[in-house]
Amino acid sequence: MRIPRSSGHLLRVAWIGHGLNDMYWFILPVLLPMIKQEFSLSYARAGLLVTSLTAVIAVGSLVSGYLGDHFGRRTILSGGFVFVSLALIFCGLSGSYWQLLAAVALVGAGVSTFHPSMIALLMDMFSRKRGAVLGTFTLWGWVGTALGLMAISYLTGRGFSWRQVYLVMALPGLVLFPLLYRALGPSAKRHPSPRKEEVERVYAGGSNLPALAVFFAANMAIALTFFGVTNFLPTFMVETKAFSVETASYLFVIFVGGGMIGSLVSGRLSDLFPPLLVILAAAVGVIPVIFLLTLGERLISLAILLVLFGICCGGIYPPQNAYLADLTSIYTRGRIYGLIQCCTILVGAFAPGIMGLMADKIGLSLAMKLSILPLALAVLPLFYLKRR
């Protein structure tokens, strides 16, 4: 696919923006032990900080997707990075727990502006080879996560306080803002109002609404499994497999590497095969992988399984977004992406708690085995959609 120079520049800036946006998610979890110690927080209050971030991102994704559809995506996307940077500075300057809680919520509001509008914009611009575009886009989210974790680890290892880390991490967004604003240009301005016949074509009979509802339900079940297992992977490796924290951290990086591979491969496969088929392959393939993870003992076998788990996790999202692009109109795409982002993140907020409750009752290993059930149930509606 030959990409015009202006579109190619936008793609590169979008990839960098995605990496930076996903990095913001992990600043608080990594710094939370230091914050908890300074403010003498209970686990409940510490958890409320993370819940605040996650919940605002979820609700904000729905709102920002709607605003992008109606008022244009240029200001929403580029302004979001300035908003996050200012919120991160507010975090670093917070003098009390409640100030930090408010600042963290503002970070979530800024982070929520990116995914719905940017994915919708890319799908508007590229009607062909969408899978390849989405695969590379998703890859850079994984890259940003890895680089962010390494940067925070480096800074804290050099004696930076959590406040100083927040202030340093505010700088990249201020640098990216003018680059993204210029790269977006007129391509992200408000869409003209649709003609009456276009509205009728999109909404007549709600022909795609049943498929969207079924797909959303399947996606929520998949997210319940993925978020639950992923958040407990390091703990599982330390407490169940008796690895050191350092080894568990390296194993998690291996999982992230698998996610990078899965993003690229599934994106390209989505251009060759129906996106639903690619989603089904990843969803079915990950079931035995999770089960075998709970049984593995040797480091090399666990590393291989984590790569496969990462490939399946990373392989879900590019075809998911490509499938939604086929079902939605240019006039509603942002809000649809915002809605699925909102639902997925809300499920992700509850999934670790559900996993933790099960682990307290039956043990972490058995809880991870049982977490396969929502994923297995999700395969059924996906098969239904494939045969539809």
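All positions are counted from 1 along the displayed chain.
In case you wondered, yes, glycine gets a Cβ from its N, Cα and C as well.
A quick note: this is a predicted structure, and the numbers were derived from the prediction, not measured.
Residues or ranges marked as domain 'Major facilitator superfamily (MFS) profile' in TrEMBL: 10-388.
Residues or ranges marked as transmembrane segment by TrEMBL: 12-35 (among others).
Annotation source TrEMBL lists transmembrane segment at 47-68 (among others).
The transmembrane segment annotation in TrEMBL covers 75-95 (among others). Counting residues 6+ beyond its ends, the transmembrane segment (75-95) has Cβ neighbours under 8 Å at 17, 20-21, 24, 27, 64, 67-68, 102-104, 106-107, 109-114, 117-118, 121, 163-167, 169-174, 176-178, 180-181, 184, 188 in the same chain.
Residues 11, 14, 17-18, 21, 24-25, 27-28, 48-49, 52-65, 68-69, 73, 76-77, 79-81, 83-88, 90-91, 94, 130, 133-134, 137, 184, 187-188, 321, 333-335, 337-338, 341 of the same chain, all 6+ positions outside the transmembrane segment (101-122), place their C-beta atoms under 8 angstroms from a C-beta of that stretch. Among the features that TrEMBL reports, transmembrane segment is placed at 101-122 (among others).
Taken from TrEMBL, the feature transmembrane segment applies to 134-155 (among others). Counting same-chain residues at least six beyond the ends of the transmembrane segment (134-155), those with a Cβ under 8 angstroms from any Cβ of the stretch are 11, 14-16, 18-27, 30-31, 118-119, 122, 164-165, 168-169, 253, 256-257, 259-260, 263-268, 270, 314, 317-319, 321-322.
Distant neighbours of the transmembrane segment (161-181): 13, 16-17, 20, 23-24, 27, 31, 34-35, 38, 74, 77-79, 81-82, 84-86, 88-89, 91-94, 148, 151-152, 155; these residues of the same chain sit at least 6 beyond its ends, with a Cβ under 8 Å from one of its Cβ atoms. The transmembrane segment annotation in TrEMBL covers 161-181 (among others).
The transmembrane segment feature in TrEMBL is assigned to 202-227 (among others).
Same-chain residues lying 6 or more positions outside the transmembrane segment (247-265) and placing a CB less than 8 Å from one of its CB atoms are 135-136, 138-139, 141-143, 145-146, 149, 230, 233-234, 237-238, 282, 299, 302-303, 306-318. The feature transmembrane segment is assigned by TrEMBL to 247-265 (among others).
Same-chain residues lying 6 or more positions outside the transmembrane segment (272-293) and placing a CB less than 8 Å from one of its CB atoms are 131, 222, 225, 229, 236, 262, 266, 302, 305-306, 308-309, 311-313, 315-316, 318-320, 322-323, 326, 368-369, 371-372, 375-376, 378-379, 382-383, 385-386. Positions annotated as transmembrane segment by TrEMBL: 272-293 (among others).
What TrEMBL lists as transmembrane segment is 299-317 (among others).
The transmembrane segment annotation in TrEMBL covers 338-358 (among others). If one looks beyond the transmembrane segment (338-358) by at least 6 residues along the same chain, the residues whose Cβ comes under 8 Å of a Cβ in the stretch are 51, 54-55, 57-59, 61-66, 68, 112, 115-116, 216, 219-220, 223-229, 231-232, 320, 324, 366-368, 370-371.
Summarising the annotation, TrEMBL assigns transmembrane segment to 364-385 (among others). Among residues of the same chain six or more beyond the transmembrane segment (364-385), those with a C-beta under 8 A of the stretch's C-beta atoms are 211, 214-215, 217-219, 221-222, 224-226, 228-229, 232, 235-236, 239-240, 276, 279-280, 283-284, 286-287, 290-291, 293-294, 355, 358.
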Model confidence over the domain 'Major facilitator superfamily (MFS) profile' (10-388) (mean pLDDT, whole number): 82
Long-range environment of the transmembrane segment (12-35) - Cβ separation under 8 angstroms, sequence gap at least 6: 41, 46, 49-50, 53, 57, 77, 81, 84, 88, 100, 104, 107, 110-111, 114-115, 118, 121-122, 136-145, 147-149, 151-153, 156, 161-162, 165-166, 169, 172-173, 176, 179-180, 183
Same-chain residues at least 6 beyond the ends of the transmembrane segment (299-317) whose Cβ lies under 8 Å from its Cβ atoms: 134, 138-139, 142, 222, 226, 229-230, 233, 237, 241, 243, 247, 251-252, 254-263, 265-266, 278-279, 281-283, 285-286, 289-290, 292-293
